[in-house]
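Noted in Swiss-Prot for the protein shown:
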type: BINDING; residues: His64, His93; note: heme b binding site
type: DOMAIN; residues: 3-148; note: domain 'Globin'
Amino acid sequence: MVEWTDAERTAILGLWGKLNIDEIGPQALSRCLIVYPWTQRYFATFGNLSSPAAIMGNPKVAAHGRTVMGGLERAIKNMDNIKNTYAALSVMHSEKLHVDPDNFKLLADCITVCAAMKFGQAGFNADIQEAWQKFLAVVVSALCRQYH
């Protein structure tokens, strides 16, 4: 089990409270699909992913980005039990969707980049980043649990 300091909880919950999941989710997933084009193979049913403009304008990408952020909200609400909270999601991504677990880290990094761009140094300083990335590392670990 992960131990969270009061400062980490405050930083994570404070950042989460400022994030607009309808904005950050689509941006982060779009960025992931553009920067790491091999991740597109998991989204064959999403239609046109042929260019950055097509990806950024794709409503299915945007909707799934919001879904991803909804999943993060579940982790936020269950910070002391993320692994169990994500158990079924880990099984689904491993056994049904066959997602390469390395891609979870790539998407987490894209979420971090989008948050940093949105809030800049004032709203996303090193202390906030440290706590946020610890949180996302726990989420990624929970998603990868079924793969071990």
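Please read every residue number as a count from 1 along the shown chain.
Cβ from N, Cα, C; glycine included.
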His64 (heme b binding site), number of other Cβ atoms within 10 Å: 18
Residue distribution over DSSP helix, strand and coil in the domain 'Globin' (3-148): 120 helix, 0 strand, 26 coil
